[in-house]
Amino acid sequence: MGCCGSTERTKREWRPLEDRSCTDLPWFLLFTVFCVGMGSICGFTIATGGAARLVFGYDSYGNTCGRRNERIEGVRLSGLDQTDKKYVFFLDPCNIDIVQRKIKSMALCVSLCPDEELKTYQDLKRFAMHNGKQSNPNPSESMILCPPVPRFGIRGLKSLPVFNRCTPVDISCYAKFAEAVVTFVSDNSMLHRLIAGVMASKEIIMGLCLLALVLSMILMVIIRYISAVLVWILTASVVLGSLGECTSCLTWPYFCFVVLHHKGTVEAGTTRDSAQGLLVYAIAATVFTVILLLLMLFMRKRVSLTIALFHVAGKVFIHLPLLTLQPFCTFLALLLFWLYWSLVLLFLGTTGNPVQNEETGLTEFRLTGTLQYMTWYHAVGLIWISEFILACQQMTVAGAVVTYYFTRDKTKLPLTPILSSVLRLMRYHLGTVAKGSFIITLVKIPRLMLMYIHNQLKGKENAFARCMLKTCICCLWCLEKCLNYLNQNAYAATAINSTSFCTSARDAFVILVENALRVAAINAVGDFVLFLGKVLIVTSTAFAGVLLLNYQRDYAEWVLPLIIVCLFAFLVAHCFLSVFEIVVDVLFLCFAIDTKYNDGTPGREFYMDKALMV
């Protein structure tokens, strides 16, 4: 199968849902190999002990606590049997390196964490001699239990075991690491009031979050009934706003300046300069208003098409109610992957070859040589696989909507179109999704790198370099958004004709260019309507929250719960309405193909809903 202008026929014959074949198989194999590499990194960290060192902790000589260890060449006191010593005890737990995000202290494996503060070396030695099961250790065992620490301070604080680490209970120990947080925590009045507000309102918070969820699901269905009113109100508001605020508010001051000038109440130079400026702005605003009115008049049918698409999209959700579950499935898949990715990243932090720190003399595990590239590989995997999961959602929704649109008799729809779309995706089109998500990854990685460089050089670079960095970041962001839109339409074309990614992207691009004005109207009006939908959900949830939380006497106690609820409401509204937006875009692509190759005559009947025959 060709790609981007290769041997495939130049004139595409769209045959919706007629046959299926595997698309972009090499990319599916490449993605599979990449995922195997991601899994191999996890297996490597487990096989080399990195996972065990993270979970159980290890001492300053490379011994994993709670396990029998093998001797490390060149490291004294390594290879000890620490089966009975399951906790990591830091001699100076307050010596924190903020840059490296680690504790610069000698660590020992102990069987119990100290229940009192150890102020001197004798206290530490006494604790070590009585710690563990040995009651009368010999001199060599005493050295192992309590090694000399000439270069380290001793501040063995009273601690509690947390994740197999002896964690000091004195919060002032972390003042160097989080001085601002400690200062905030010390303000008991503020912290306690916020925490009390959240805890006292937890039932209300859960109820409001559920309300936001229900409102988002209902809005996707009823928006088809209010879309016409909403769109025309928006259009009238834009025109009236342009006439009132841009033209009148600039033209009127200009005439006021002219009148005052004739009366001689202001200086001539000031009047002339100000009047000329206002005249230029007034003329420009008037021209803009006239152009806007002409566009509205010329594109009224295209605005009507947007309203019709919203109306049909509402019908799609009625026939395919399982579409509302797509945000949940995608979020769950992303959450599970992110948890896995974060866990493996932590494993990598304790994986590698034992290296003695020249500054502290402690044994650390670092990835050296070619092994350090595993971290970069793992970082690329985060972006590619996340984009792959999002692309799978787009392909699934597109497949279900395409099936709905190109089925003339809606009573003959598959029993579960969503499940059928998922099965088609897994059987035929995973390679296409992998290729599309890889293209987005290629654009996202340099943008993230430039953002990192910009943050690192903040305040150090000159104005020209700062401007160039921001320009490059903005251009890459715009390119990413354009590619996302093109990819989404390419997935829809693949769902229709079962063609490869490049062929589908080319065909979809041609269709979109042929309907450029319609695309502009749908994106401009439709996106703003969906934005208003998000605002409606957030404000409705916030209003209900104010009414319910008003039972709290102190206003400050429910400010934080209300903020939490509003953020959750916006996130939920964005997830659901983004699915609605995908449905509208896929419906438009199907509509454009339908109108291009069918004319309503016998044998070439339209597939479209009657509402789209505008």
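A Cβ is built for glycine as well, from the same backbone N, Cα and C atoms used for every other residue.
Proximity of distant same-chain residues to the transmembrane segment (25-47), defined by a Cβ-Cβ separation under 8 Å and at least 6 residues beyond the stretch ends, is recorded for 340, 344, 347-348, 351, 374, 377-378, 381, 384-385, 388, 430-432, 434-435, 438, 501. According to TrEMBL, the transmembrane segment annotation covers 25-47 (among others).
The transmembrane segment feature in TrEMBL is assigned to 208-234 (among others).
Annotation comment: TrEMBL describes 278-299 (among others) as transmembrane segment.
Annotation comment: TrEMBL describes 320-341 (among others) as transmembrane segment.
Taken from TrEMBL, the feature transmembrane segment covers 382-407 (among others).
Summarising the annotation, TrEMBL assigns transmembrane segment to 428-445 (among others). Remote same-chain partners of the transmembrane segment (428-445), defined as residues 6 or more beyond its termini with a Cβ less than 8 Å from a stretch Cβ, comprise 20-31, 380, 383-384, 387-388, 390-392, 395, 476, 479-480, 483-484, 487, 490-491, 494-495, 498, 500-501, 504.
What TrEMBL lists as transmembrane segment is 528-551 (among others).
Here the transmembrane segment (558-580) has long-range neighbours at 194, 197-198, 201, 204-205, 208-209, 212-213, 215-217, 219-220, 223, 313, 317, 323-324, 326-327, 330-331, 393, 397, 530, 533-534, 537-538, 541-542, 545-546, 549, 552, meaning same-chain residues at least 6 beyond its ends whose C-beta is under 8 angstroms from one of its own. Annotation comment: TrEMBL describes 558-580 (among others) as transmembrane segment.
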